[in-house]
Structure formats: structure tokens, C-alpha cells
Amino acid sequence: MHLFTVGVNHTTAPVSIRENVAFQNEHLSGALRDLNSHGIREAAILSTCNRTELYCNTDDPQKALEWLANYHRLKPQAIAPYMYTLPQENAVKHAFRVASGLDSMVLGEAQILGQMKQAVRIAENAGTLGTLLHKLFQRTFSVAKEVRTNTNIGANSVSLAAASTRLAQRIFGALNNQHVLFIGAGEMIELCAEHFAAHRPLSLTVANRTLERGQELAASIGGTSMLLADLPDRLAEFDIVITSTASQLPIVGLGMVERAIRARKHKPMFMVDLAVPRDIEPEAGELDDVFLYTVDDLAQIVQEGMENRQEAAAEAEAIIDMRVENFMQWLKTRSAVPTIRALREQAERHRLNELEKARKLLARGHDPAQVLDALSNALTNKLLHGPSHALNSATGEDREQLEATLRQLYQIHH
């Protein structure tokens, strides 16, 4: 069993790279089966705004990297400088740290655990999880729970949603005179909507592809909803735009923003693009009256209050180190399984051979007591031939070591 994690995250790659290797959840099952067919025995894919990671059971992690590049129609060398490949123990520790929020842009954030569980459910339904990854993720979720229960890692955590609100306050001051637009209606937008709603802006509007889901979210925050198709005509109405959809292509183009700014008579517009791939064309941020921030730009704000959680992080790391050691012990026992199986199969062949001989002798009328005696002697000789021959053939230190091992194996204490 060879465990590897291959991936990119917010510390190794900018959003312009991460968006090129991101996966939408609805495409993950097909992607996993495709990865499986390229020599990867087991696989799960975790894809969020901050990371894309492949958890694999494979002899050759290079295959996973090449598959990732080919799947997204990229050259492997284009993403290789941003990728990390973590083998065995490092992969286990990484999974535990990710689920516990220690590897997040927002230290201690809880959202990643739900995202990881969803990734595992998708892999399970796709049939790409085996013994190794099942056990890894079972332990991962257990460790994450232990970390959150026994440390204050999640205390005073500044989420991306909260960071967006703080940044808007830095631009506008109080938010009670602003019109706010949310594009999308997923979990991230829901969190942002709750934070902005608490500041009682002039209006809250949710734009979504399907009106029903948009209306549902809008109702929960005392806002209104609109269709995404109406965005080009209505963008100018809003001072603050927060977007996070699963679109593979930008929803808000440079031209749309230029028209909105002209219609607003160059009144500033604050925009936060939390999507990966990005929802807003980055060129829009170059306009004089547009303050455009991506998920990477929020990093500085979410670092605030980090010092308060460093002690909790150290406690969490200690728990994780201990649990990694436990998992590696399990993994070592699993590596002996093929040998144990082969040993049992060999013993079973000897048993069946001698049993067949005994049955033939009994059928010919031989004395049952003598047949049983011959059977037991033959089995003893067959089963001990290998160890005896190895011990007789060994010399020097090898012989001493082998003798000690055999005494331990057969529990010979005299």
C-alpha cells in the first residue's frame, strides 16, 4: 500500500493557477473513475477555493500529476512547480492537518472538514475508495473531532465571510448605506450573507441561476432575489458585490463592470470574488473606481487574531503527531498481510495434500491410528522444513538473529 497526496494549495500556488486545476463537485465522480483507470488503485479528490488535492493509493504518484494536467488540458510542466507530492507518513499528517483546519488560510476554520467529508462521500459513491483510503479518512475525521474538542483552534477564527465584511468596512466605513449583491447561493455565499445582514445595509439581493434557491436564501436574510440573467442590466445598482459560484467561466466581464461604473457616475464599487475558478474577470480590478479582491487578497485580514490561536495550534499539532504514529503502525501491519496470506495458503496446500494421502490409505484399509500418525508427522515435517533448512544454512550473526527470531515466533522460552 503506497499512500500519496498530490496537490496545490493557497501557499504553493496563486488563484490564477489553482483555478486551472479546480473541479466542480458534479464532475468529480467521472474524474475519479478516469483517474482510477490510469493506474491509481484508490483515489479521492478534494477541491476547494484554496486547494486541489488528490489522495491516492498508487506506486507512482507521477501518474496522478500527469493525469491532473491532462484532465485539465494543461502541460505537466506548467503546474509541476506549484505541486507538492507527499508520501506515506507525510500524506497522513497532511490529511489530519487539513481536516483540523491547521492547513487553511483561515487557521482553525471548520468549513474544510465538511468539504472533506463531501469529497470522501463522492469518492465512495464513485467506487474509488479501498481499504487504505477508507481507514485514512475514518481516522482523519476522528482526529479532526479530537483536535476541535480538546483545543481552542477554532476560537476567534476570522472566516473569509467575516474578512469580506471587514474589508468592505475599510472601504465604506459603516455598511448601513450600501446596497449589497450576492452572486450564487452556495454555502460560502450563505455565510457572507449572514455577516453582511448583521450590519443592516440598505438592501441585500441574491442573484442566482435558479430563482427558487435565490429566493430561499434572500428570504432568510430579509433580502430580495433576481436571476443571474438580469445581472448586466442591474449591476450598477450595487455598491458591494460578493460572488462565489461554481461556474467554469467568468460571470462578470470587464465590459459589464465598465458599463456599471459609467452608470454609477464613477461611484466606487467594492467586489469580492471568492470563486475558484474566478467569477469576475481580473482586468475589472484595474478600473479606477473598482476595488476587486480575490480569495488570495483576503489572506492578510484572516491572519489577524492568528497569535491568539498559535498556542491552540501547537496543542493540535501534538495530537496530530501522536495519531499519525498510530496510523503508521496500522499501515505497517497491513503491509504484512500479503505475507501472512501466502503463509496460510502454503500451509493449506500442505494440509490438503497430506489429507488426500491419508484418505487414500484409509480407503485401502490401512489402520486409522497409523494413518493419523503418518498424517501428523508429515504435516509437522512439511511445516517445519522451511525454518529448519534456513537455520541450518545460516552462519554467523545471521544464524544468531534467525535463531532468536524463530524462538520468538514459536514461543520457545528455554
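Quick reminder: no glycine exception, Cβ is built from N, Cα and C everywhere.
Computed from a predicted structure; not experimentally measured.
Per Swiss-Prot, the features are as follows:
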- C49: active site, nucleophile (ACT_SITE)
- T48, C49, N50, R51, S104, E109, A110, Q111, Q115: substrate binding site (BINDING)
- G184, A185, G186, E187, M188, I189: NADP(+) binding site (BINDING)
- H94: site 'Important for activity' (SITE)
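Sequence features, as recorded in Swiss-Prot, placed on the structure.
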residue: T48; record: substrate binding site; Cβ neighbours (10 Å): 23
residue: C49; record: active site, nucleophile; Cβ neighbours (10 Å): 25
residue: H94; record: site 'Important for activity'; Cβ neighbours (10 Å): 22
residue: A110; record: substrate binding site; Cβ neighbours (10 Å): 16
residue: Q115; record: substrate binding site; Cβ neighbours (10 Å): 19
residue: G184; record: NADP(+) binding site; Cβ neighbours (10 Å): 27
residue: A185; record: NADP(+) binding site; Cβ neighbours (10 Å): 24
residue: E187; record: NADP(+) binding site; Cβ neighbours (10 Å): 13
residue: M188; record: NADP(+) binding site; Cβ neighbours (10 Å): 24
residue: I189; record: NADP(+) binding site; Cβ neighbours (10 Å): 24
CB-centroid shell, 8 A cutoff, NADP(+) site G184, A185, G186, E187, M188, I189, site residues removed:
F182, E190, L191, C192, L217, S244, T245
Of A185, G186, M188, which binding-site residues come within 10 Å of T48 (substrate binding site), going by C-alpha to C-alpha distance?
none
What's the CA-CA gap between M188 (NADP(+) binding site) and A110 (substrate binding site) in angstrom, rounded?
12
For N50 (substrate binding site), the number of other Cβ atoms found within 10 Å of its own Cβ:
25
Let me know the largest Cα to Cα distance in Å among the substrate-binding residues T48, C49, N50, R51, S104, E109, A110, Q111, Q115, as an integer.
15
All-chain count of other Cβ atoms within 10 Å of S104 (substrate binding site)
25
Closest by Cα to Q115 (substrate binding site), out of the recorded positions H94, A185, G186, I189, is G186
Using a Cβ cut-off under 8 Å and a sequence separation of 6 or more, which residues in the same chain sit near G186 (NADP(+) binding site)?
S244, T245, A246
Sort the binding-site residues N50, S104, A110 by C-alpha distance from G184 (NADP(+) binding site) and give me just the closest.
N50
Nearest to A185 (NADP(+) binding site) in three-dimensional space, by Cα, is which of the recorded positions C49, N50, H94, S104, A110?
C49
Other residues with Cβ within 8 Å of the Cβ centroid of T48, C49, N50, R51, S104, E109, A110, Q111, Q115 at the substrate site?
M105, V106, I112
